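In what follows, a single structure is set out as structure tokens and then discussed.
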Amino acid sequence: MKRIAILGSTGSIGVQALDVIKANPESFELEVITAHSNADLLVQQALEFKPNVVVIAREDLYEQVQQALQHEDIKVYAGSKALCSVVEMGTVDMVLTAMVGYAGLLPTIHAIKAGKQIALANKETLVVAGQLITSLAKEHGVNIYPVDSEHSAIFQCLAGEFHNPIEKIILTASGGPFRGRTAAELAEVTKAQALKHPNWDMGAKITIDSASLMNKGLEVIEAKWLFGLRNEQIEVVVHPQSIIHSLVQFEDGSIKAQLGLPDMKLPIQYALGYPNRLKSDFPRFSFLDYPQLTFEQPDLKTFRNLQLAFDAMERGGNMPCILNAANEVAVSAFLHDEVGFLQMSDIIESCMAKVAYIANPSYEDYVTTDEEARRLAAELINK
Ligand code: NDP
Ligand code: MG
């Protein structure tokens with residue numbers, strides 16, 4: 001029995017993780033669930049799954065959640081500090097980080113320091129502070145199991161191969177809803193169009209990141225830290241069908257790939273259940289339904305965010321942190337109709353040029369970098 005804490009149980013990954021836990025009652029026990037604003041769903045999940053602890057990050061919603069659960073044997077906490085303390089509880093074995101954005105960083109640090117195994121969906125954590133997180137994990141003997149489908153694919157390809165050096169990895173990208181568009185066309189795209197991903201149903205922020213290819217950029221940096229790779233060992237190929245989830249090439253030239261229908265439940269279950277493959281009734285993939293699997297180069301000139309992410313990785317230090325903060329602000333502004341699709345890249349590029357560079361950032365440096373980049377990005381938007 002693995003005792004699980006889900007940070008962000010009300011989100012796209014969180015809800016699917018609860019389905020996985022429900023389908024495998026002999027393997028998992030749900031200990032903690034947390035949400036930010038969606039108190040109604042959090043309460044509904046608590047009543048159904050009976051975890052021992054729930055946390056609502058927004059303190060103004062504490063009363064509502066507490067009232068609704070007052071007759072249950074469930075502890076209710078509120079505030080972002082509570083997120084950091086519940087992951088340290090002795091009754092938790094593994095923490096699934098399914099919160100979105102930079103807010104996932106601090107609770108993940110607390111979980112690692114408490115020696116909890118991590119199932120990592122929150123890629124922003126590794127983008128912002130990959131060096132810090134991976135060295136902390138090493139120090140505390142913590143394994144980080146990827147939930148992101150591409151990284152899960154690579155991790156699955158590495159099973160039995162951990163002693164064999166990787167020559168390179170190839171991350172596949174669907175290309176998103178705007179694959180093949182020109183910059184002039186991208187200038188006109190709407191929020192509604194950007195929110196319609198061809199293959200995956202996900203939270204709003206990652207869906208916009210997928211449309212701009214920033215998601216792939218974040219994943220390149222995520223892969224660098226997860227698998228200890230040099231920058232030049234990471235390639236991206238566009239594969240619109242999203243069937244091959246990623247590939248690893250070894251030093252003998254052999255390439256391994258992991259395939260399946262685009263469904264996040266499988267990588268979630270693999271991370272939670274590792275090292276076991278649990279039986280599932282997820283829909284099965286058939287080659288006959290996909291007679292053509294195709295591949296093309298990503299268009300880095302039109303989709304500038306992917307190039308900016310490669311640049312940030314190349315420069316290292318706090319540059320990916322700047323990229324991430326500016327992107328979070330830009331995506332939120334795009335979702336509020338305050339900037340156009342292409343302006344998101346302008347904002348990120350300006351922040352990367354203007355926020356002070358730090359080659360070897362401490363945790364405090366990440367906090368100030370994040371603040372500074374957010375402030376500058378907001379200023380640029382208001383102009
Ligand atoms: P969603 O937006 O659907 O869900 C985000 C979750 O985080 C919600 O539970 C939300 O609570 C909570 N949350 C948001 N902000 C805060 C905050 N400041 N403090 C505490 N909790 C917060 O996101 P997704 O599930 O799509 O994505 C989650 C993470 O997983 C992201 O990092 C994403 O990149 C990654 N990922 C997602 C994939 C997917 O298929 N969705 C695939 C691969 C990776 P509430 O709902 O109450 O506001
Ligand atoms: Mg992914």
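Yeah, the Cβs are placed from backbone N, Cα and C, and that goes for glycine too.
Matching N38, N143, N215, N231 to the NADPH binding residues that TrEMBL gives (T10, G11, S12, I13, N122, E124, G203) identifies N38. Binding of Mn(2+) is annotated in TrEMBL for D148, E150; the matching candidate from E72, E219, E232 at the same site is E219. Residues K123, S149, E150, S174, S210, N215, K216, E219 are recorded by TrEMBL as 1-deoxy-D-xylulose 5-phosphate binders, and the candidate that the same record lists for that site, out of H140, H163, H197, is H197. For the pair H197 (1-deoxy-D-xylulose 5-phosphate binding site) and G11 (NADPH binding site), the Cα-Cα distance reads 17 Å. In this structure, K123 (1-deoxy-D-xylulose 5-phosphate binding site) is part of a helix by DSSP. Filtering S12, I13, E150, H197, N215, E219 by Cβ distance to ligand 1 (under 6 A) retains the following binding-site residues: S12, I13. Cα spacing between S12 (NADPH binding site) and E219 (1-deoxy-D-xylulose 5-phosphate binding site): 18 Å, rounded to the nearest whole number.
In the structure shown, across all protein chains, G11 is the one of the binding-site residues G11, G203 with the greatest number of other Cβ atoms within 10 Å. Of the chain residues outside the Mn(2+) site list D148, E150, E219, K123, P146, S149, H151, S152, L171, N215, K216, E222, A223, S246 have their Cβ within 8 Å of the site's Cβ mean position. For the pair formed by I13 (NADPH binding site) and D148 (Mn(2+) binding site), distance between Cα atoms is given as 10 Å, rounded to the nearest Å.
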